[in-house]
């Protein structure tokens, strides 16, 4: 090989190395910012539901209020309908000592709805990461997961006050936030060459609980947008509740959302089993809670 060829090869290797460092720096920044965004959402959701003390409004809190205001029709300078506390109907089966938490869960959208929509929308970049080969992941799986959440935050939560007042909006956001804080923190530490065992376990184990609660809550928030009524029929021996479907109020978009609710549940199975398979690759099929294999 001539000296000129060796020189060209060195230049190519140096260029490839520089490109790799740039991509790594970008992905590290993306994951750190994403973890920070979901940490903010997690803290403020918990603070809202459990009445934690919250400091003076931050930049993120102001952004949340403005985004929710725009969605609610209040314009960039207003807060829409948030100036008056919303009426929250509490079902009779909710115990009295849980009523305050239920009421606050039903108003979680006011606290974090706008921020959640923005942070989740930023996750659209993950589809591009896979598409351009920046990360090794399934394009179809990533696209389905991102599209599902975007539909929930923009087409459902942002479009229907009944979805915003659903207590399942709170469980949906909590499940998402816990999942993403763990996931993005794990990715960031992995890029730095460090995978703490507790974080590794949490990354590949917490989905057993958080995926059903998150995806199930998405479906139930969607259900809250459908024109469904309830009626009770009581007798001396029992009380029975009936669902009433006023199909005269159902249009094409309503039927579409209703169909999504029905297919949502069987659709959880392939995604859930995919994550179980991913866990087995890491832990070698060991039982839940076992240490990963060492190589």
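From the backbone N, Cα and C atoms, a Cβ is placed for every residue, glycine too.
Please treat TrEMBL annotations as automatic predictions, because they have not gone through curation.
Look at TrEMBL and you will find 21-43 (among others) tagged as transmembrane segment.
Taken from TrEMBL, the feature transmembrane segment applies to 63-83 (among others).
What TrEMBL lists as transmembrane segment is 168-186 (among others).
Residues annotated as transmembrane segment in TrEMBL: 207-230 (among others).
The feature transmembrane segment is assigned by TrEMBL to 250-272 (among others).
The stretch in closest packing with the transmembrane segment (250-272), judged by the count of Cβ pairs under 8 Å and taken from 21-43, 168-186, 207-230, is 207-230. Sequence-distant contacts of the transmembrane segment (21-43) (same chain, at least 6 residues past either end, Cβ-Cβ under 8 Å): 52, 60, 112, 115-116, 118-119, 122-123, 125, 129, 134-135, 173-174, 176-178, 180-181, 184-185, 187-188, 191-192.
Using a Cβ-Cβ cut-off under 8 Å and counting only residues 6 or more beyond its ends in the same chain, the transmembrane segment (207-230) has close neighbours at 148-149, 152, 156-157, 159-160, 162-163, 165-166, 168-169, 171-172, 174-176, 178-179, 241-246, 249-250, 254, 257-258, 260-261, 264-265, 268, 271-272, 275, 279, 288. Sequence-remote contacts of a segment are chain residues at least 6 beyond its ends whose Cβ falls under 8 Å from one of its Cβ atoms, and for the transmembrane segment (168-186) they are 31-32, 34-35, 38-39, 41-42, 45-46, 49, 104-106, 108-109, 112-113, 116, 120, 149, 152, 157, 195, 199-200, 202-203, 206-207, 210-211, 213-214, 217-218, 220-221, 224.
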